Amino acid sequence: MSRRTCSDLRRPSSCPCRLGARTTVDGCKEESPVLSVTMKCFNCNPDLSELEVVKPEDSGIEASYSPVCLEPSCNDCVRNHERLSFIDSPIVGHDNKENQRVQNTLDSSNETEELEASRLYEDSGYSSFTQSDRDDGILILENFRNSPQARLLPSQSPDQHPNKTLLPVLHFERVVCSTLKKNGKRNPKVDREMLKEVIASGNFRLQNIIGKKMGLEHLDILAELSRRGFVHLLANILTKLSGMDLVNLSKVSRIWKKILENNKGAFQLYSKTMQRVIESSKLSLHATTRGYVVGRAALTCVQKSSTWAPPKKDVQIKSSSQRGQRVSTYSRHNEFVEVAKTLKNNESLKACVRCNFPAKYDHYLERAVCKRESCQFEYCTKCLCAYHNNKDCLNGKILKASCKVGPLPGTKKSKKNLQRL
């Protein structure tokens with residue numbers, strides 16, 4: 001086995017190792033009575049067979065492991081050197097089980113370290129993209145620091161100006177959280193007035209955020225477009241509408257009418273149709289109920305059947321009498337309901353003989369009293385005359401009862417009837 005030092009091997013120009021430099025691993029010199037190894041960088045791509053083992057001249061003097069690499073990029077050299085020297089050393093025997101366990105743990109630790117190191121240097125595409133963004137950002141920062149605008153910005157707070165890289169909502173959240181964090185050290189309570197001042201002073205561009213009106217059943221689209229200043233969209237919508245549609249649009253709300261007035265072309269068409277409708281409404285007698293609506297083709301059959309015609313006198317009298325009867329029946333019904341709420345157990349309701357309004361009827365006394373304030377007639381239910389207590393009816397005409405009342409229970413007649421049965 002030829003003895004050659006690491007300096008005798010051919011090295012590429014990119015090798016970071018320094019020739020002839022010999023240091024100990026981890027900056028400390030440890031001496032061993034076994035052997036000494038002179039190591040070269042494995043990343044230089046020579047054959048591994050050129051690694052030589054140098055026996056010490058004096059066996060009593062401890063040798064040192066001296067890898068030649070000094071750069072931090074040659075950590076692989078040091079790890080491989082330690083592993084090879086540990087395997088080749090005579091201390092680690094094949095028959096020694098304890099040493100084999102130590103060797104297995106070293107192998108597993110080296111494999112995990114190699115995997116972690118390889119993951120660090122992997123390029124998935126995102127790292128190169130972020131690296132280019134960082135380089136661009138560094139160049140922009142250098143140019144910005146040299147510019148005169150960089151002197152003005154330190155006086156201004158960064159929270160007042162919107163961050164263009166963030167969404168408006170995220171920028172708003174960041175500003176609010178930063179203000180709460182600053183003031184939370186002084187006062188644990190939330191100062192709402194201070195938050196309102198911060199929100200009013202900052203330009204957060206929250207007015208154009210999409211999705212604020214999601215979930216609502218009713219939404220005024222034209223009002224939202226006018227509030228956000230989309231005049232071109234409103235003009236495009238109004239050009240698609242006809243004259244009568246514009247007339248109906250102006251009746252919806254004041255906001256829609258203002259939108260119509262702001263558009264010149266649509267407002268001219270609206271004014272022309274309004275003049276035409278007013279002229280036609282003067283000629284028609286039915287303009288009071290129909291309004292400005294002109295006859296449409298879709299409802300012509302319905303409009304023909306519902307056209308207005310002057311009613312005859314007889315028909316008008318009958319309709320007025322029927323309406324009066326409906327009103328009277330409705331009012332009488334309400335009166336009966338109100339009086340029925342005040343009835344006792346032995347009382348019932350009857351219509352008054354004079355005014356047909358509700359009257360309280362007592363079955364045992366055969367008396368009825370009208371509850372109308374203007375009437376209050378008290379009469380006998382047999383002869384329908386003024387009530388006469390226990391006296392016989394004056395006219396002698398007793399009205400036949402609608403239903404015959406049987407004998408009272410416990411009387412002789414009722415007992416005889418029971419005996420017959």
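Placed from the backbone N, Cα and C atoms, the Cβ positions cover glycine too.
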According to Swiss-Prot, phosphoserine sits on which of Ser59, Ser85, Ser155, Ser331? Ser85
Range annotated region 'Sufficient to suppress UBE2S activity' in Swiss-Prot (choices 4-14, 103-113, 411-421) is 411-421
Within 8 Å of the centroid of the Cβ atoms of Cys352, Cys355, Cys370, Cys375, which other residues of that chain place their own Cβ, given that this set defines the recorded Zn(2+) 1 site? Val353, Arg354, Asn356, Phe357, Ala359, Lys371, Arg372, Ser374, Gln376, Phe377
Just give me the nearest neighbour of Cys352 (Zn(2+) 1 binding site) among the binding-site residues Cys383, His388, Cys393, Cα to Cα. Cys383
Between Cys370 (Zn(2+) 1 binding site) and Cys380 (Zn(2+) 2 binding site), how far is it from one CA atom to the other, in Å? 12
Show which residues of the chain containing Cys380 (Zn(2+) 2 binding site), separated from it by at least 6 in sequence, have their CB under 8 Å from its CB. Glu366, Arg367, Ala386, Tyr387, His388, Cys393
